[in-house]
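The structure under discussion appears below in the form of structure tokens.
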Amino acid sequence: MKPIRVKVKVNGRVQGVGFRHFTYKTAISLELTGWVRNLEDGCVEAVAEGPRQQVEEWLAALKKGPPASKVAGLTIQREIVEGVFERFEVRF
């Protein structure tokens, strides 16, 4: 299956609630590559590459988030697959 790449910005109560770790663990379980980081505006940004079905499952999980979070919305951009990531990581 051909991989896809998405860049997502998550807004709401998503910092200080374990959202990056949740994003990371979910991506690892789905065998995706990419990264996640907090933004200064209080949002979380992430990029993921992998098979369409796994990326869609990951996005569905991000819409819910971990129990302490309150996701207000996701902005999702499709990007060109670059294949530059070896794993999924948390960036600081």
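Just so it is clear, glycine is given a Cβ too, placed from its N, Cα and C backbone atoms.
Record features (Swiss-Prot):
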- Arg20: active site (ACT_SITE)
- Asn38: active site (ACT_SITE)
- 5-92: domain 'Acylphosphatase-like' (DOMAIN)
The domain 'Acylphosphatase-like' (5-92) - residue tally per DSSP class, helix then strand then coil: 24 helix, 36 strand, 28 coil
Under 8 Å by Cβ from Arg20 (active site), same chain, sequence gap 6 or more: Val36, Arg37, Asn38, Val44, Val90
Mean predicted confidence [pLDDT] for the domain 'Acylphosphatase-like' (5-92): 98
